[in-house]
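Enquirer: Quick one: structure below, then a few questions.
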Amino acid sequence: MFFAVITLFPEMFEAITAYGISGRAAKRDIVQVTCINPRDFAEGNYRRVDERPFGGGPGMVMMAEPLAKAINHAKQLASQAGCVHVPVVYMSPQGKTLNEQAVQQFVDYDGLIVLCGRYEGVDERLIQHYVDQEWSIGDYVLSGGELPAMVLLDSIIRRLPNVMSDEQSAIQDSFVDGLLDCPQYTKPDQFEGLDVPEILKSGHHANIEKWRFLQRYQRTLERRPELIEQVTLTKQQKKWLSDEQG
């Protein structure tokens with residue numbers, strides 16, 4: 001999958017390309033992550049990419065022209081890589097909140113061009129003409145779009161085929177089917193007086209699967225009850241709940 005990131009701080013994305021699951025995916029050429037600095041497309045000796053906002057007010061606004069040139073360059077690179085469906089995504093607190101369903105849709109794309117804002121944001125005309133989607137990672141403000149962009153890339157990359165060493169691990173993640181994940185345990189059997197649930201050591205896979213589902217359902221009900229209404233349960237899961245509730 002092709003990713004082009006428009007950012008003033010390309011070095012930050014070594015966190016994606018050099019480490020962990022996403023780093024291994026990059027080394028294996030499952031993903032291509034290219035960072036494009038809009039300063040390279042700015043004019044003048046200082047290569048400015050920001051200016052004071054019209055109408056006054058605090059801070060600076062990123063200028064449309066260097067960003068547009070950077071996006072067009074990214075589109076050329078995507079075309080050279082054989083990618084057809086490559087939307088431009090702007091990471092913004094004003095965008096829709098990212099969730100697992102959106103991530104799964106991104107997985108089906110050929111690639112993404114991700115725009116990282118800075119300062120007070122981006123000239124609205126650039127958004128109107130070049131941005132296809134705006135996404136947020138939550139109702140709070142960060143110093144720039146780089147961290148949200150890394151969240152987006154990591155969440156997509158780990159869902160791509162052949163990226164995870166254990167495909168089942170990704171399938172069982174929180175939110176994949178609308179439920180939170182179940183509690184996880186590893187060695188030792190006892191830690192500070194707390195034991196691993198016996199059922200997890202029983203080797204009875206069907207009972208373990210049932211236990212994990214019931215734990216996930218109960219945890220979601222307690223911590224994120226608004227998610228329960230959106231969950232579609234299988235026939236087996238409904239039976240497990242019915243048995244548990246007597």
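For all residues, glycine too, the Cβ spot is worked out from N, Cα and C.
What Swiss-Prot shows for this protein is this:
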BINDING   Gly117, Ile137, Gly138, Asp139, Tyr140, Val141, Leu142  S-adenosyl-L-methionine binding site
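What's the neighbourhood like for these features in this structure?
Expert: In the three-state DSSP scheme, Asp139 (S-adenosyl-L-methionine binding site) is classed as coil. The number of other CB atoms found within 10 A of the CB of Asp139 (S-adenosyl-L-methionine binding site), across every protein chain shown, is 7.
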Enquirer: Looking at the binding-site residues Gly117, Gly138, which sits with the largest number of other Cβ atoms within 10 Å of its Cβ?
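Expert: When each Cβ's neighbours within 10 Å are tallied, Gly117 tops the list.
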Enquirer: Fewest other CB within 10 angstroms, which one of the binding-site residues Ile137, Val141, Leu142?
Expert: Val141
Enquirer: Among all the protein chains here, how many other CB atoms are within 10 A of the CB of Tyr140 (S-adenosyl-L-methionine binding site)?
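Expert: The answer is 7.
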